[in-house]
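Take a look at the structure below.
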Amino acid sequence: MFQRNTVYRWLFSTNAKDIGTLYLVFSIFAGMIGTAFSVLIRFELAGPGVQYLYGDHQLYNVIITAHAFIMIFFLVMPAMLGGFGNYFVPIMIGAPDMAFPRLNNISFWLLPPSLILLVGSAFVEQGAGTGWTVYPPLSSIGFHSGGSVDLAIFSLHLAGISSMLGSINFITTILNMRAPGMTMHKLPLFVWSILITAILLLLSLPVLAGAITMLLTDRNLNTTFYDPAGGGDPVLYQHLFWFFGHPEVYIIIIPGFGIISQVISTFSRKPIFGYLGMVYAMASIGILGFIVWSHHMYTVGLDVDTRAYFTAATMIIAVPTGIKIFSWLATLYGGNILYRTPAYFALGFLFLFTIGGVTGVMLANASLDVALHDTYYVVAHFHYVLSMGAVFALFAGFYYWIGKITGKQYNEFWGQVHFWTMFIGVNVTFFPMHFLGLNGMPRRIPDYPDAFTQWNVISSFGSIISIVSTIVFLYGLYLTLSQPAVSLANNYWHVPSFFSSTHSLYGDTTQTSSSLEWVLPSPPAFHAFNHLPVQS
């Protein structure tokens, strides 16, 4: 009987917290696969010439393609949106569950088949060695003749459907299921970030679906959408892909903004500085994200006027981003800061995300980008905002909320060891890439001239440090989950909530908090609210 109940609970779950837990477990599993791929990349690049991959350039490209897809679609998005989003959005707005609980279930269960298809694509024929952009003509039937690219396309379709359904669910939930008195301008910033992200997904994913479906018919049904021989244009694919691809990078980072806002507010023991400005900054970033896509295509032969516009528009995004950075700093300023692991990750996020943003402003210049496009400078830039922005935000959220999710508090010592090893590791890995890029080392090539050896060796050494940090994290997770259940306080950070601009009442208790999750037990009951909470 136990077995059947367990199977029913986890396979057919309609409970947002259980589904959020499934997403988190899935993303940790996928993240380990993606990390393994990244280590293969760095080991191959540890020296010039052939190291590990038999001089097989196709295999190298299959690995970087899989690394990108897994890290984006199966680590960051499931963890932030699926994991923390499903777990905390209903709790934070005082809703009993998501609006469509069964839709929520299939949103999760579309992801494992998608991951299997993606990993499977690497094992048939020569693999999909296209890079995550899947540009034709390289991805066309002439240059990738097997079924690999088709499997990767189906994988993307499934992951896309999953995200779309999840987004519909989030938008409906946040707009319609808030507790009495919980107006939009009283929502926690994390809920706002999930709402904005869901809208971006809903608007951008259909364009990607159309682009890769046309690629599928080009490959299998002899259409010529991207083939000049039949009146098509491969640049059309680039426009369609990046119209999705650029909002996608904001889809990755905006939930991170939301997490960082919650964490910085708690550990500064102050309300966030400029709440409304933070909301409108996130919304502005979301809108601007849709009108800058061609900055990925400066080298493709666009009109000079077009390039001038995209340069200007891209730089405008730095303004709302700067508003967020300085509002976080203003929150910290004069705060009675509590130095715990989540706070370290949040401070690391601020510093490293800012570096990534500055290199982004450089790359926004069309004239300079002609020199830096497709070099390691670009790799350094987006790994600073992803590997040290999104992932640091993820870990901040993990250490911040793990006690709330499991009822067991993490080990502070190993948490801080994890932070410092990871902080050192990722910087040693990615900072030298700026120098390689400025010297013209191209991306996506497994071999390089001897002159580039020094920085590559340092970079590969950094990836070993990062691996150690990942092992420390997994050990800390093991320590957390294997300890006996402690009676963890509802508000276990003990941050006084009198400063909060949004006091929440639940029942006749006098507990109030900056957001509603801290008035519930740790872990919350299977059905969190027996009666409606009220927002004062």
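Backbone N, Cα and C atoms are what each Cβ position is placed from, and that goes for glycine too.
Between the candidates Pro432, Pro442, Pro446, Swiss-Prot assigns the Ca(2+) site shared with Glu44, Gly49 to Pro446. The most densely surrounded of the binding-site residues Gly49, Pro446 is Pro446 (count of other Cβ atoms within 10 A of its Cβ).
Contacts between the transmembrane segment (343-363) and the transmembrane segment (461-481): absent, as fewer than 3 C-beta pairs lie under 8 angstroms at sequence separation of six or more. Counting same-chain residues at least six beyond the ends of the transmembrane segment (151-171), those with a Cβ under 8 angstroms from any Cβ of the stretch are 65, 69, 73-74, 77, 81-82, 85, 89, 98-100, 103-104, 106-108, 110-111, 113-115, 117-118, 120-121, 124, 128, 130, 134, 194-195, 197-199, 201-202, 205-206, 208-209, 212-213, 215-216. Packing against the transmembrane segment (240-260) from elsewhere in the chain are residues 72, 76-77, 80-81, 84-85, 133-135, 188-194, 196-197, 200-201, 203-205, 207-208, 210-211, 282, 285-286, 289-290, 292-297, 324, 328, 346, 349-350, 353, 382, 385-386, 389-390, 392-394, 396-397, 400: each is 6 or more residues past its ends and has a CB under 8 Å from a CB in it. Taking the C-alpha atom of Gly49 (Ca(2+) binding site) as reference, the shortest distance to any of the binding-site residues His246, Tyr250, His295, His383 belongs to His383.
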